[in-house]
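Under the heading active site, proton acceptor, Swiss-Prot lists 151. Taken from Swiss-Prot, the feature active site, lowers pKa of active site Tyr covers 155, and the record attributes it to similarity to another entry. Taken from Swiss-Prot, the feature NADP(+) binding site covers 11, 37, 58, 86, 151, 155, 184, 186.
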């Protein structure tokens, strides 16, 4: 991204202490003017900066998109250098015990939100000297992380949609990067804790109820949001951009296993990590 022109970055989901918050700060430190979105009820004092414009946006609401784009065009003059599809929510549960209504909500934010934003903003990215779309994905979209089947599915969908988007936008000079994120110390898991997420009493996984509870309440060994954001912002400004950018704790390990080992390596690992062998013979 060359000098001499104001650069604009739009980041969705910029709640206090999360990846979006850290990205907003780091983009500003690198000379960008940032447009940060929040839900109407969220505090915004953490985003008080002359170069950060805060706009209310629920990425699941189609009727908010046209007014949002108009406001965005007024700020940027009609172009957009970087779109970061960061807004996301999490839901922890076994695949068999999944509440589909919860999953529908998660897909609405994690998958349909990015689709909606690209649909409405792609011309602004094309109009920029070098438009970049960044999708905040996850290692969960690559490996079968136990108790995360539905979240994993949203990220796998985002990755594959992003892959096709990358190919389709290339003729217009717009780059698309999927970030394959490892563990980052954010608030995304707190909704499970707040909702006191537990296994159903009649679940076939009931023998693992305590392990599930401990998993929900865990404190991951995670990269800080600021370290994560610095890596992403530096990557966005490279001359040559990757299709996938693996970033965050455990990504090197996950990449190695996914690249060089049989697919069933995950079965072996996760069965042992989550003590699934303890379920053998408990039904029937």
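Including glycine, each Cβ sits where the backbone N, Cα and C put it.
Contacts of residue 184 (NADP(+) binding site) defined by a Cβ separation under 8 A and a same-chain sequence distance of 6+ are given as 19, 222, 223, 224, 225, 228, 248, 249, in order along the sequence. Taken over all pairs of the listed NADP(+)-binding residues (11, 37, 58, 86, 151, 155, 184, 186), the Cα spread reaches a maximum of 23 Å, rounded to the nearest whole number. Of the listed binding-site residues, namely 86, 186, the sparsest CB environment within 10 A is found at 186.
For residue 37 (NADP(+) binding site) paired with residue 155 (active site, lowers pKa of active site Tyr), the C-alpha to C-alpha distance reads 21 Å. Nearest Cα neighbour of the residue listed as 'active site, lowers pKa of active site Tyr' among the listed binding-site residues (11, 58, 86, 186): 86. Each residue contributes its Cα atom, and for residue 86 (NADP(+) binding site) and residue 151 (active site, proton acceptor) those atoms are 14 Å apart. For residue 11 (NADP(+) binding site), the same-chain residues lying six or more positions away in sequence with a CB closer than 8 A to its CB are 20, 23, 24, 27, 34, 35, 36, 37, 84, 86.
Residue 151 (active site, proton acceptor) sits 19 Å from residue 58 (NADP(+) binding site), counting Cα to Cα. Here residue 58 (NADP(+) binding site) comes close to 39, 40, 64: these same-chain residues lie at least six apart in sequence, with C-beta atoms under 8 angstroms from its C-beta.
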